[in-house]
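Below: the structure, in structure tokens.
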Protein chains: 4
Amino acid sequence: MAKLSVDKASINKVVVAYSGGLDTSVIIPWLKENYDCEVVAFVADVGQGEEELVGIEEKAIASGASECYIADLKEEMVADYIYPTLKTGALYEGKYLLGTSMARPIIAKAQVEVARKVGADALCHGCTGKGNDQVRFEGAFAALAPDLHVIAPWREWDLVSREECLDYLAERNIPCTASLTKIYSRDANAWHISTEGGVLEDTWNAPNDDCWAWTVDPEQAPNEAEYVSVKVEKGAVVAVDGNELSPYQSLVYLNEKGIKHGVGRIDIVENRLVGMKSRGCYETPGGTIMMEALRAVEQLVLDKASFEFREELGVKASHLVYDGRWFTPLCKSLLAATEELAQDVNGEVVIKLYKGQATVTQKRSDNSLYSEEFATFGDDTVYDQSHAGGFIRLYSLASRIRALNEAKKSK
Amino acid sequence: MAKLSVDKASINKVVVAYSGGLDTSVIIPWLKENYDCEVVAFVADVGQGEEELVGIEEKAIASGASECYIADLKEEMVADYIYPTLKTGALYEGKYLLGTSMARPIIAKAQVEVARKVGADALCHGCTGKGNDQVRFEGAFAALAPDLHVIAPWREWDLVSREECLDYLAERNIPCTASLTKIYSRDANAWHISTEGGVLEDTWNAPNDDCWAWTVDPEQAPNEAEYVSVKVEKGAVVAVDGNELSPYQSLVYLNEKGIKHGVGRIDIVENRLVGMKSRGCYETPGGTIMMEALRAVEQLVLDKASFEFREELGVKASHLVYDGRWFTPLCKSLLAATEELAQDVNGEVVIKLYKGQATVTQKRSDNSLYSEEFATFGDDTVYDQSHAGGFIRLYSLASRIRALNEAKKSK
Amino acid sequence: MAKLSVDKASINKVVVAYSGGLDTSVIIPWLKENYDCEVVAFVADVGQGEEELVGIEEKAIASGASECYIADLKEEMVADYIYPTLKTGALYEGKYLLGTSMARPIIAKAQVEVARKVGADALCHGCTGKGNDQVRFEGAFAALAPDLHVIAPWREWDLVSREECLDYLAERNIPCTASLTKIYSRDANAWHISTEGGVLEDTWNAPNDDCWAWTVDPEQAPNEAEYVSVKVEKGAVVAVDGNELSPYQSLVYLNEKGIKHGVGRIDIVENRLVGMKSRGCYETPGGTIMMEALRAVEQLVLDKASFEFREELGVKASHLVYDGRWFTPLCKSLLAATEELAQDVNGEVVIKLYKGQATVTQKRSDNSLYSEEFATFGDDTVYDQSHAGGFIRLYSLASRIRALNEAKKSK
Amino acid sequence: MAKLSVDKASINKVVVAYSGGLDTSVIIPWLKENYDCEVVAFVADVGQGEEELVGIEEKAIASGASECYIADLKEEMVADYIYPTLKTGALYEGKYLLGTSMARPIIAKAQVEVARKVGADALCHGCTGKGNDQVRFEGAFAALAPDLHVIAPWREWDLVSREECLDYLAERNIPCTASLTKIYSRDANAWHISTEGGVLEDTWNAPNDDCWAWTVDPEQAPNEAEYVSVKVEKGAVVAVDGNELSPYQSLVYLNEKGIKHGVGRIDIVENRLVGMKSRGCYETPGGTIMMEALRAVEQLVLDKASFEFREELGVKASHLVYDGRWFTPLCKSLLAATEELAQDVNGEVVIKLYKGQATVTQKRSDNSLYSEEFATFGDDTVYDQSHAGGFIRLYSLASRIRALNEAKKSK
């Protein structure tokens, strides 16, 4: 039976998602040798940090890339991928703020754009064959560039250790500063950093200090609480501490605050899409503050039925985004539903940061359905306590009829 | 049009849910005067605290009750109402651990049992006409005793202030130690204490120290973290710190720990079932620790699709329980589904308590689907990275076909 | 305790939803006598039929109305209320095409507009106190005109029979052609006609011929099948049998076909929102054909996950629309989700009409994800059978790990 | 990278799901040649018809099997797989009664039992690599026998046509009566028969007479309607036309009636689990009647909220069963929920069969929540129309508050 395997001879130019790390540094020469093709490096700046970007173009060229494109996706990522997801309230398996998941579709989309520009006939990523990211990249590629071939070296080559990768580069005289051992596997962008591996591989081990890359240990955080105010419009953060900031700038500002106070750490065992479980420590300092802010404004604005639907949408969205289904009609539909619910989610909150916690202490909204007047005792103009009798009677009518039936039958 | 109003003359004996507080102390004489009936007091011990129960029988008799029944419901409440709800993961509107909601059905059920025993023809509660509890009580009554009349004095009488209530008692020489002013409205049981009113009525006010009744302020909590271990079987806590304890005993133990470390505070604006919003500060110290423990074991045990279903069940259960639908076929169905999912939820966790936070640091389970071997790199016996290529291809096939169609059309 | 009851003296002008039937003919004089106010009649033409509209203005004036406004809502109802609902696939309790439910919000909205125009201070409807329509009307009023009073005479007056209503009119010399007895209660609009009461009140009685008002008995329908073609764009019917028609015109055309072939009858016991069950025979001839057409195009276009979400949205929408929640953020959110899913739902179907059945026999779509090439045997360019092995392996990986665990434990 | 491919030398004995058709007749010698192993044939009698079972043991032996086990699974399939699924109301993508899907898990389970009995080390099925059945079989194998190897010849061998298969047998002198051409692909069991291929491959073709294998064309069905009565207990059919029958016997009885009247035909384009769409004509005569019967009793018994949950469970179950997830915790959980809801689903219905339609005309239940007394006009003991005013007020309170807010803001 014929395989859909790539005819290697047909591949002339490949765009590879290049990080400057060991894996993707190996991928460039490997592609050239194995596919006899030109390799274009594509670097997505999603806020992973300056140190990873310094000199990256030179590094790519030194590894054998013919060109290197760098795209600054930071604002777009926060505005068009993170904010819409935040509105849904998505927390994967109740905890994970989807930091890695949300970055993948925008990187894939920008990579496809470079491929179109340079006339490439294949796309390549450096994700392993056991993880979610391969699905997220290739799911995006299938939706955006079904005509381009996809090369996933980790599912193809025989290299299985850092040592082999380093040897591979050394044999080819490609300079590489990567260390022989690397205990933890990390992924960072403006929103979060994840840490896997090492001591975390045994779930009975508590994370140690090395498992946390950004945030201060809550026990070492300031003994004084600090307060930040966040302004929300249509479900999006538009100002922080009185300053109107862009989505990315808001995130940077809140990251700084969160990091200082040890906010946004989680330690989770999660179900990967590919059927196995993994354990990771994730830090999302600013994102955790944003999430608290949005949910607090929602408390004021959404009615009961809308709130329940938003919760359901959040559960669904968490799986969709985690599973790499961003560029699907289902995801668009779900985001349209959430966007509609967010129309009235305007307001302002004050959040207390203290020893690892972000707690909303004050909140208000022009669209608040909370009314001091309605909720408290005494007469008012919209609620008459006598109404409750009728409400309850009808609300429980089916129970009553059922119980009366039972009583009649047991006679 | 005829009303379903009670024919007062037909009421001979009423069982009233009696708390010993001002309201229910007024209700006893009021019932006797307005319904010309015998009044039996029923006191549910759901762990609201010894001080509320001391001398309560005498107090009830002094207020005019012919008898006073006290039922110790603490173990049953935790085992049969709280534990099943916990398995669902229910958090009303994402935050509230349903402390008041879960106590109502068991109190109502026990009250009906007393009514049957003494041959009463009516049930009475002291809930206000603006709250959820009236619906929870009367929903339970409709299901369990559709033949008994229900009297809700707060929806019927003209008393609107504490002063009027105190005057009412004074005029009748009924002793009462209640104070003239009471800033906050509180409800307590073994699981939680809620605080409403006062400064909280303006959502732009932060809670002050008086808004918290049980827990130590996280800022005043010990500077040293403390660790507790929790053992879970079939989704239920069965041992704490190595001691096999009953559900109620486990809760008492964990409450003590949680209170000391300021764990389990929430400040929420929520949608009441009766259509308005209210704001409250809730403390659930032990419950918060239990919730963390259960969810952590679930992380090890539930597969992805099961986890998502559990999340959906949790959202549904939170509304069902909050809305007082405990004694309905829907609630039974939902709990049956959750019970089934909990069959494998066995394990052990260690939880760190520190300055208001309960964080699981270690977890393990004999039923864990996490496998160090499977999740990490290298060869293994259940997962072949090459499988992923086929998986992704089929997983994204619809996206690919759609995109190919689009490309064809745009030509 | 103060009631929210209307201060009758404050009511100067009422707009009543007037049908020309016995009830609303009584309501006009009753309002004038009981509220000492001017009464304006509002007639909504939702396609209930010419015979109900002939001379209705004169009738309203003769009953005592100061003015009578007639609004033609037919096109708007089909385009803006029915079509969006159809896209969701909503079938209340699996069967009911929501004919009465969908008409209520648009009538209420148009009634409010008249009230604003004439400067009325109250709105009145003729719905009974046991049905859903009172909730639908008043739910819409609450959202659109919370400042206007609502008068629901059937919950207020003492009239309980047709005879009393007729006497009421006779005493006031108001002409009325209504008959003394009326076996069935009916509601009609362009979309459907419902029949309740009479023989249907016993669910063990089969409906008799009188229970069906529009459609030919399938047993009397033509022995020859007839075919209609329907063209769908973005989830909406845009042409029928090759003719581009407006939504209402399409419905009229398909109604005629459906009626002739006995299509669209259902006999259902349903849960009313107010807690009791009722039984009705509903006829939706053209609507049933439209529903079949849309669902068939969806089969071609929606991927698996989108289809499942559409099914879930349909269940939710059926309850929302039935429950009169049209003018709520939740309903808007849900319709936004559906609209997004419908973007690709373009295509054409042929439907066979025969003896009560509407069956799609042919269907096609430019956006079809069905591909003869992909689905059948042999090689193709998008699907490699060997991929399936990897897919299955990962798809069932959690089952495998769980089973291996179990096997290990039982050793 | 090491593959998880089977080490062929390690396979000594394989149990193959044998149907007697062309494919599985080829599989037996192919396994022996390619795996050098003993092959045991396993035949599941799921009601596919006597003609397929006659002489099947001899045929298997003639093809090279060392043994042939035949298991009569008919009663178990209907009782333990079909009835539980029916209670959920599952209709895949709104239409499909899951005939093929429900048979797969029981066949796989019985096949595993044979494998254990004979000490086999591998399981083999004859499903193609493009369909759902491979996933259903292998999903069951993963859960029940993760230690056994799975061989799927259609994903492995090079045979791509019937001609090649026939040649393969002829070369080995294995007798086979299969014809060279076979237009349609069919699958049958007691519950249904499916037809795919041929003219159906173009969705713009209407099915022709050959596409229907069991049922009479509705146009050729009797001109006289026929009535059957069905008795339901706990959501299961327990008697038909007054005769207490086992599940399988009930099905056989109703199949006969349905076939005669052309009941149970559907023509659907569906989403396969493996990402593509397929089109099929399915006939489920008795099943369609059963489904109608159950849903009608539910109308009487389930309250509104329970009904909605049952609808949601039905959507979920349809996907779970279709996707071959029978032996998973999620499926167990979902069935437990449904079983609980079915506890009161007792009653009796009369169903009219006429020209392709099965229509419930009469229904009753001791647990009916429908009450003639409650639903109609006039006074009653459980419902007071004045209650509706209070109900509506609270039910629409959030809308009112929101609208009042808006009005205030726009001033």
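For all residues, glycine too, the Cβ spot is worked out from N, Cα and C.
A TrEMBL annotation is a machine prediction, not a hand-curated record.
Since this is a predicted model, take the numbers as computed values, not measurements.
Residues D:ALA17, D:TYR18, D:SER19, D:GLY20, D:GLY21, D:LEU22, D:ASP23, D:THR24, D:SER25, D:ALA44 are recorded by TrEMBL as ATP binders, and the candidate that the same record lists for that site, out of D:GLY94, D:GLY99, D:GLY119, D:GLY126, is D:GLY126. When D:GLU201, D:GLU270, D:GLU292 are compared with the L-citrulline site residues D:TYR96, D:SER101, D:ASN132, D:ARG136, D:SER185, D:SER194, D:TYR282 in TrEMBL, the one appearing in that site is D:GLU270. Those binding-site residues from the list D:SER19, D:SER101, D:THR128, D:ASN132, D:ARG136, D:GLU270 that have a Cβ under 8 Å from chain C Cβ atoms: D:THR128, D:GLU270. Cβ-based crowding with a 10 Å cutoff singles out D:SER101 as the top-ranked of the binding-site residues D:SER19, D:SER101, D:THR128, D:ASN132, D:SER185.
Rounded to a whole value, the Cα-Cα separation of D:SER101 (L-citrulline binding site) and D:ASP133 (L-aspartate binding site) is 7 Å. Confidence for the domain 'Arginosuccinate synthase-like N-terminal' (D:13-175), expressed as mean pLDDT, is 96.
Shown in sequence order, D:CYS127, D:LYS130, D:GLY131, D:GLN134, D:VAL135, D:ARG136, D:ARG272 are the same-chain residues outside D:THR128, D:ASN132, D:ASP133 whose Cβ sits within 8 Å of the Cβ centre of the L-aspartate site. Figure note: comparing Cβ neighbours within 10 Å for the binding-site residues D:SER25, D:SER194, the maximum is reached by D:SER25. D:SER19 (ATP binding site) falls outside any helix or strand according to DSSP and counts as coil. Here the candidates are the binding-site residues D:ASN132, D:ASP133, D:GLU270, D:TYR282, and by Cα distance the one nearest D:SER19 (ATP binding site) turns out to be D:ASP133.
Using Cα positions, the member of the binding-site residues D:THR128, D:ASN132, D:ARG136, D:SER194, D:GLU270 nearest to D:ASP23 (ATP binding site) is identified as D:THR128. Counting only residues at least six positions away in the same chain, the Cβ atoms of D:THR24, D:PHE42, D:ALA44, D:ILE107, D:ALA108, D:GLN111, D:LEU123, D:CYS124, D:HIS125, D:GLY126, D:PHE137 sit under 8 Å from the Cβ of D:ALA17 (ATP binding site). For the pair D:GLY21 (ATP binding site) and D:SER185 (L-citrulline binding site), the C-alpha distance works out to 11 angstrom. Using Cα positions, the member of the binding-site residues D:SER25, D:THR128, D:ASP133 nearest to D:TYR96 (L-citrulline binding site) is identified as D:ASP133. Closest to D:SER25 (ATP binding site) by Cα-Cα distance, out of the binding-site residues D:THR128, D:ASN132, D:ASP133, D:ARG136, D:TYR282, is D:THR128. In the three-state DSSP reading, D:TYR96 (L-citrulline binding site) counts as strand.
In this structure the C-alpha atoms belonging to D:SER185 (L-citrulline binding site) and D:THR128 (L-aspartate binding site) are separated by 12 Å.
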